[in-house]
Amino acid sequence: MAKTLYEKLFDSHIVYEAEGETPILYINRHLIHEVTSPQAFDGLRVANRQVRQVNKTFGTMDHSISTQVRDVNKLEGQAKIQVLELDKNTKATGIKLFDITTKEQGIVHVMGPEQGLTLPGMTIVCGDSHTATHGAFGALAFGIGTSEVEHVLATQTLKQARAKSMKIEVRGKVASGITAKDIILAIIGKTTMAGGTGHVVEFCGEAIQDLSMEGRMTVCNMAIEMGAKAGLIAPDETTFAYLKDRPHAPKGKDWEDAVAYWKTLKSDDDAQFDTVVTLEAKDIAPQVTWGTNPGQVISVNETIPNPQEMADPVQRASAEKALHYIGLEAGTNLKDIKVDQVFIGSCTNSRIEDLRAAAAVMKGRKKADNVKRILVVPGSGLVKEQAEKEGLDKIFIAAGAEWRNPGCSMCLGMNDDRLGEWERCASTSNRNFEGRQGRNGRTHLVSPAMAAAAGVFGKFVDIRDVTLN
């Protein structure tokens, strides 16, 4: 029987399945961080349980840490408690932790692939909604809640219902200047933020295959923003080249055997998908969100839609509420919108490729007078090290940007990087919800190049009109 890639991954990890019951899956890799793990470890202690397979769980510090200092003792309040708890819990159980004193530390969804912990064919979970990032490698990866974190620590398994399969094909090649971020925002704009609900999405097509692994991670990272359980891209030579010689990747004969298996991880030609969506790559322009969910997005050269022209009453009400919060009116040209801050970072766009794209725009230019701050936050210590080796940090600093240490930073208002009230931000992160970047902050999601351009021109511009240095 023909199967989709998702079906192959799911079926190969079933530990137990019975009629009328939710299947139990084996979990190959468990990633943890300081925010969603403390209660899980507390639960283990109360029940007098041990971590079942210590060598399959890895931790990092990312969400609540400061990107300005590397000293735990200088953290305050809840952030300090969370970081110290993670350190205590990993030491007590023997779990490997990449803490803020090591260059391997980073945002969990940057650190995992970078270390070769993310491999094709795996099941990967983490107490974080953007775990779908790892699906870029042909792994079944999804976010879980704190009680499930405890369950995986205790059993290395998880109850998981079968999802539907969706195929999203992006045909042909994108135009110059169009990035993975534009592709995924255009997809969400077409499907809406609920279009993938109940599905695991496989992204395919020439435009997807042309992406680097960094770009593929950006696409899968935001699968959750269209309501999907997970996102997948079948592994290929690009995947294998990225993984070869990574610290935790197989070596020698094991590598050869692994690649031979990984090459089988693709949907069968006659596999049936529950839902199929198609986009033409040539039609995708630079994207900018105008509202308060990632599905409220248009091309930079378009005007903000009129809610009164929307047939769906729910969509209309959502748009009206979004425009009121975001402080914009229907018919406004996106290129007339000025920004107060710029954030380049997050698990969506903080890898070396993203920083290179931003630096190419900012080189030889200065922060616009109306822009209060440009934050550039690498996704890991290794990304930071590579960027500094290439001199990217000097480009950012010369332009008037702040070059920070690794962390989630202004993606979410959980640390000391936040927007002021009603400030408008061009952000490379993945969510533009109300208050996401700080109380009453206004977020517009864009690619790294578009964010950098907004920082030096003071407003949104079409990156295709910008000369790169």
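Cβ atoms here come from the backbone N, Cα and C positions, even for glycine.
In the record from Swiss-Prot, residues Cys408, Cys411 bind [4Fe-4S] cluster; the candidate from Cys220, Cys347 listed for the same site is Cys347.
In sequence order, Asp62, His63, Ser64, Ile65, Ile107, Gly345, Ser346, Cys347, Met414, Asn415 are the residues near Cys408 ([4Fe-4S] cluster binding site), counting only same-chain partners six or more apart with C-beta under 8 A.
Cβ neighbours of Cys411 ([4Fe-4S] cluster binding site) (same chain, under 8 Å, six or more residues apart in sequence): Phe343, Gly345, Ser346, Cys347, Thr348, Ser427, Ser429, Asn430, Arg431, Arg436, Gln437. Other residues of the chain with a Cβ within 8 Å of the Cβ centroid of Cys347, Cys408, Cys411, the [4Fe-4S] cluster site, are Asp62, His63, Ile107, His130, Gly345, Ser346, Thr348, Ser350, Gly407, Ser409, Leu412, Ser429, Asn430.
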